[in-house]
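Database features (TrEMBL):
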COMPBIAS  30-40  compositional bias 'Low complexity'
DOMAIN    49-295  domain 'ABC transporter'
REGION    14-41  region 'Disordered'
TRANSMEM  389-410  transmembrane segment
TRANSMEM  422-443  transmembrane segment
TRANSMEM  476-494  transmembrane segment
TRANSMEM  501-524  transmembrane segment
TRANSMEM  530-551  transmembrane segment
TRANSMEM  558-580  transmembrane segment
TRANSMEM  604-629  transmembrane segment
Amino acid sequence: MAVSVDFADYTKDRFSSTSGTEDEPEYTHSSPGGLSRSSSDTLGHQMRVTFSNIEYLVQNRANKREKLAILKDVSGFLNYGEMTAVMGPSGSGKTTLLDLLAGRKTVGTLKGDILFAGQKPKQAFLKRYTGYVEQFDTLIAELTVREMLLYTAELKRDSQEPLAEKAARVDELLECLALVGCKDTYIGDALARGVSGGQAKRTNVGIALITSPRVLFLDEPTSGLDSYTAHEVMKVVKLLVKRSITICATIHCPPQHTFLLFDRALIMQQGSVIYFGANGQHCHEYFSQCGKIRAPGADENLAEWVVEVTSAAEKQGSDRFVTGYAESSLRQENDRLLQQYVACDTAHGSLSDATLAALKVKRGTNVSRLRGIMVMLKYRTRNNYTNGLYMFGRIFDKLLFAVFGIIYFYRVCDNFSESNVPNIAGFLFMWVILPAYGAGPYLPAIVLERPVYIREMHDGLYTAGTYLTYKMIEEIFMAVLMSLVFAVSTYFACKVPGSFWLFWLIYTISLCDGIAFAYMTAAISPTMEVANGIMFTVPTILLFGSGYLLRWNDIPRYILWLSYIDWMWYGWGAVMISVFRGSNATTSIGIPVLEYYSLSTDSMWAFCGYSALFFAAFVLVAWGSLTLVKHQKR
């Protein structure tokens, strides 16, 4: 049964009773058809968001030819200086709508119009001038609260702004968000305790506010928090409306006093709007007139009551709330206001120069690639290099290999007798394959850090290329130092002939290949399980083309191609040529060693070059994967 609710009497005087609505001082009613903007908007910070006739379709996994409508005919607006709650039962489309407004959806088809100040936003604008607080905290565990905010400020604020001013902005946020008491506390994680849940949530809010965004989106900001902490977080967010920030948050069943902090509510059911209007008493009056529903108790939470009665109707298969809103005078009033706002925002000369400049921005990041790399090295590398677990995974295996390698192969290269040649070849083979098998600890650097990477990419802190370059510098600097220590001890203990620098160079290239292969594997893998499987399976298969287990001439022709894509074959070939070229060493059957292994006509430097090319190829694929592959489906 359709429900028609007559709001004609009280939409005139009640609908605009909350802050930031029709009677805002920034706008004056000039005619029935539109609004004219007053001069107070010359500050350029205010930005209204309008969305009309939104329909969002995704592919049905059960039937690939069919598309499911997740959102249907969703319209509304977000006023600046106002806090709007998006509510509804689980699966109603709350987060989907928020992600669409914030430009963070990665799959599906969108129909309808989403406008920021009357303009279709570019991704660059959304990254630089909007803030998004994730439902789950995505922070860097090794940084303190103040470092986390200052790190974000250095990456997101204008690079020409002095560091002292950025620090002052951070200190202002710490004060505003009640984080001064924990500013020097590490964020922490599941293994190392740090700040509390409420402090972490407020830190996430601070990250979103570091550049004074025009619009702030929050996805379930009270999720996982007790009622007191949830209210404290939302009180802090509420203070931001005084700065003319447009705020929109999805929220499930907040406590009554927290729910009433919101100026406006958009309530959804099965992907459709069933109420959009002023919060509090107006919301209660609307649903109270919707036919046969249970009246709320005297002390019952309004938010819980609304979700309960709408969920009950949904379980019964009834769409009466959807139909009721679609046919109500409230919907008509909202549509009229929406048209007025769009007409106002799109009117010639209605936008300030600051707003126009923001909407036309072309770059999603605010700092250069070099500056971004330097900031990440300053904050993240410094902390990583003092992190025991981080360093353990990058040093322990090499120290262990050095100790056992020296014991096992001590003075192995002391003589080139026929009986000792296989021992030398085996030693050199282990020298170049160990880096590939020891690269496993590098996988978590990408896979487990992915939520932070995705959030910071969407926030416009850096590009995929900047992030990967920083990672490579961080890893290779440590790898070069460790390889030097490993090479020195092994070279002299095992009596390796020839140039030490070539011996070290070949190992360093092999180690860098292993690191780059690990990063490529992590970038293309959706989970750690998949990454681990690839990381150890591929090098093992490539051993069959290495030329050591079977001589190169004896490898079956149909799998000989393995040799050409095996960086370990080129590394082993280079070090074999370095050690045996110019010697008279022969195998037990009297054939010169290099000829026996089909290396007599090859160039050591060519093999080094080929091996180095694999590093470039792996990094290129990793960059492409970080840029194009969307492991997180939103």
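Even glycines carry a Cβ here, placed using N, Cα and C.
All annotation found in TrEMBL is predicted automatically rather than curated by experts.
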Would the transmembrane segment (604-629) and the transmembrane segment (422-443) count as touching if the test is at least 3 Cβ pairs under 8 Å, pairs 6 or more apart?
no
Residues of the parent chain within Cβ reach of the transmembrane segment (501-524), under 8 Å, 6 or more residues beyond its termini:
431-433, 435-440, 442-447, 468, 471-472, 475-476, 479-480, 483-484, 486-488, 491, 531, 534-535, 538-539, 567-568, 571, 574-575, 578, 604, 608, 611-612, 614-615, 618-619, 621-622, 625-626, 629
Excluding the flanking five residues on each side, which residues at least 6 beyond the ends of the transmembrane segment (389-410) place their CB within less than 8 Å of a CB in that stretch?
423, 427, 430, 434, 438, 441-442, 475, 478-479, 482-483, 485-486, 489-490, 493-494
